[in-house]
Amino acid sequence: MTSVLRGVLKTHLPRTLTLPRCARNFQTTTFLRNEQVKLPQTYDEEKVIIDEINENLKPDDLQASTRLRNIGISAHIDSGKTTFTERVLFYTGRIKAIHEVRGKDSVGAKMDHMDLEREKGITIQSAATYCSWDKDDKSYHFNLIDTPGHIDFTIEVERALRVLDGAVLVVCAVAGVQSQTVTVDRQMRRYNVPRVTFINKMDRMGANPWRAIEQINAKLKIPAAAIQVPIGAEENLQGVVNIIDRVALYNEGSQGETIRKAEIPEDLKELVEEKRALLIETLADVDEEMADIYLEGEEPTVEQIKSAIRRATIGRKFTPVLMGSALANRGIQSVLDSVVDYLPQPNEVLNTGLELQKDGSEKPVHLTPSSSEPFVGLAFKLEEGPYGQLTYIRVYQGKLKKGAYMTHVKTGKKVKVSRLVRMHSNDMEDVAEVGAGEICATFGIDCASGDTFIGQGTQQQITMSSMFVPEAVISLSISPKTKDNGAFSKAMNRFQKEDPTFRVHYDSESKETIISGMGELHLEIYVERIKREYGVDCITGKPQVSYREAITVPSAFDYTHKKQSGGAGQYGRVIGEMNPIESENKFETQIIGGKIPEKFLFACSKGFEDCLEKGPLIGHRVLGVHMLINDGQTHVVDSSELAFRTATHGAFKQAFLNAQPVILEPIMSVEVTAPNEFQGSVVGLINKLGGMINDTVNGPDDFTVTAECSLNSMFGFSTSLRASTQGKGEFSLEFLKYSPTAPQVQKQLIQEYQKAQAAKK
């Protein structure tokens, strides 16, 4: 008898997995109830299935899909995403006036609707809106999501990309590819999202789009080539040249709303031809049709170039690069045209769900973007609104109507769609129905982020896979200043339901409520929101690192739990071995001859889960352990599920402590940018923290250092950096990996833990 318990911890899943669309958080070869199921691993394989689905689509469904784009705006923090989105809304007529991030008019950008966002000048929550864009006498409907750039709010990017078909990656013309740009690229790959790239801030001193494109090719490892050349640079930026059709585009009017076409300036003609040749050459490397034209020495037509860009972009083999300045109102309209020309419509993306079988197994099923098919939708984001919980839903198949009923797949409950809205930041507009490929929101539904809904009476029980949720790396204790903590509990319940990376638990030993998250800013924002939205002042403890415990060598165990001193006894014996593994924790049994009944083995698996939550060394979670039980013994009277669960606890501790255990600490990727004159101070500061410098890039005015530092050493770093750079330096942190602590640190942590435990007795 063999049973395997998987998925207890997912911290060490490879971060560069290529995941199938919407079966999008299991690996390309997935084990479902011990049945191996092959899914498409490349877009070419996906395209075969997509073409088969499209052959059976009705003309109305094809027409609706052709005019629809679901896109996200993603980038490193301060690259200008929200400013870019504000221009998109203005040029599409969605808003009547432009307001800046942290603007002087106290209005702020439309998509940053929280007071905290407008005060701090950062995006905290992803905000959804929709708009229309006219091109070639056709009107296209965009569902648009602006996402945060700060790594602490990475879950907002995850859930946006989870339901989008394409994205605009915004890159700073001065800083180029930065740490969070790499993170966003990894997230796009995780969900197979094609992108067009916009190099922003071309009006800034030191802007260099060609260096940025080189970095996209080198650091993001995706072929990229410019489809535009800037007219002027820095403060003299006037417009761009479209190198495909060789036309100069100038933004005119008080807010760049008018586009004037003209001949290419004489001094740019040679550069345009050089970049056009490079574009064609790059496309020939990633597109077969363009390769044939290129090898035959022919000059491709404008339509052939555009078609090749579209095929290669949707196939995730290439990203076209545009350039301009959102703040200076230059080049935005060209990006909107490129969204239409090069990013996929819903019927060009393969969306896969899992059909639940009667025997409990799951079978992949490809969804059809048709409004006549049974409804399938995913709740990808929850938000507390003025009328109760607001649930954002992506419709993958069928249509959703106001007043209709749908079934919550996880619970089987029938729920009524009492109100259906399209969101425009924090404003909402009621609609009667939405079709396949659309994004909408509804009220009054009790669900969690990642839950699937299907149409009432649908024969197939289909579920969509959930999004990737990174592990929390930092924790702190929190308590309300007043004893009346009803509002405090309500806030805790709401926020952890809305944000999967915000975790709350009660420590029974310290009698404290502990909150965990992605970084100091992440937790600071929630503490501030509890105060503002619930009127509860909180006392917080010092931030604590979320350590992990692991083993380094195999260890055998033979443990007997025996309590036979009169009355009902307890007896359970387990024999086996424990091994270190690099993947998630794993529990396995290989019992021959039924020496231990199945119900007791299940109790052993529960005991294993118990032990993972609190390791033997310092009480932190355990990582990378494979526990195998291959023998044991029962007592005809005294054996029970409790006895074997307790025996597993003892065996785990015995084997763990004999396996040369280590304490792991989070290592962060740190990127610091500051003026060149402070380079020595910054490098010295990182060395003082015990950091390892990986790369240094010097620009005309600023330099950027990338390093690896332990999270524990980074507390208070912002204060030290301000002092070292006269307040002119900035930095970003991202979790990189877990690594063993120094022996003296491990010894100190164990001693402190043992001392604290002894004090509680």
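The backbone N, Cα and C atoms fix where each Cβ goes, and this holds for glycine too.
Among the features that Swiss-Prot reports, transit peptide is placed at 1-33.
The domain 'tr-type G' feature in Swiss-Prot is assigned to 66-347. Note on the domain 'tr-type G' (66-347): its mean pLDDT in the predicted model is 86.
A75 (GTP binding site) falls within a strand when secondary structure is assigned with DSSP. The GTP binding site feature in Swiss-Prot is assigned to 75-82, 146-150, 200-203.
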> CB neighbours of T147 (GTP binding site) within 10 A?
Replying inline: 28
